[in-house]
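Some notes on the structure that comes next.
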Amino acid sequence: MQNRMMSMPVVKQEVVDFMRDKQKKLPGQLGELEKEANENGVPIIPHETVVFMQFLLGQLQPKNILEIGTAIGFSASLMSQFVGEDGHVTTIDRFDVMIEKAKKNLVKLGLTDKITLLEGQAADILPTLTEQYDFIFMDSAKAKYIEFLPYCLNVLKKGGVLMIDDVLQGGTILEPIESIHRSQRAIHRKLNELFDVVTNHPDLTSSLVPLGDGVLLITKEAETVKL
C-alpha cells in the first residue's frame, strides 16, 4: 500500500518544482526510465534526490554499495554508475512484481553483471551478508528502518555512509502522535525512534536533508557501533 505522506512536499512546492526543472536531466536509457516511471506513478526517488545522490556518490567514490528496496531498479542503476569497473551494487527486494520489472530494466540497461538482486525479506537477508559496504541506501518499509539499522551498521565500513530515504512523513513527523491517523502511527513512532537513536549516538554523525520526503544521512565513525 502506497504511503500518501510521501507525496506531501516538506518544502514549498514552488521550490520543489524549481529544483526539478533547473537541475541537469539524466541522459539516455536511464533518463527514459526516470521519465516513464514519473509519468506512470511508479515510486522512484524524485529528481532532486537523484541529483543529490549523483553529487554525493561522485565525492565518495564507493566500490561496494548495498540497497534495501530495489523497486524497478532505477536507484540501483543510477548508483552503479559510480562504483567504477571493479565495483558492484547489491540490492534487496521482496515484491515479486517489482522484482520482475527490475530484472527487465537491468537487462535493458546492460547492468546484470554490475548489479546483484537478492530476492526476499530484508530482515532475513541482512543478517546473512558478509561483505562490507562503502555506501548503503535504504528505501523500503519506513517502520522497518529502525529494525534494519543494526544490520546496516554492521556491514557498513568505518567512514561509510548510510542514506535513508523518506523519513519526514510529509512533515508530520514532528506532530504529536495523537494527531496522526491510526494507519500511520506505527511509522510515526518508529521513525521518531530512529531519529532518537541516530542523532544522539556518539559513534554516528548524521544530517537531515529536506529532499523529497526527507533524507537522513549517517556516517559510521567507529569500527563497531553498539545501539
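Quick reminder: no glycine exception, Cβ is built from N, Cα and C everywhere.
TrEMBL labels come from automatic prediction, so no person has curated them.
What TrEMBL records for ILE45, SER75, ASP93, ASP139 is S-adenosyl-L-methionine binding site. According to DSSP, SER75 (S-adenosyl-L-methionine binding site) is assigned to a helical segment. Sequence-distant contacts of SER75 (S-adenosyl-L-methionine binding site), defined by Cβ-Cβ distance under 8 angstroms and a gap of at least six in the same chain, are ILE44, ILE45, MET53, GLU67, PHE137, ASP139.
Spanning the listed S-adenosyl-L-methionine site, residues ILE45, SER75, ASP93, ASP139 have a farthest Cα to Cα distance of 16 Å. Listed in chain order, the residues near the S-adenosyl-L-methionine site other than ILE45, SER75, ASP93, ASP139 are ILE44, GLU67, GLY69, THR70, ALA71, PHE74, ALA76, THR91, PHE137, SER140, ASP165, each with its Cβ within 8 Å of the site Cβ centroid.
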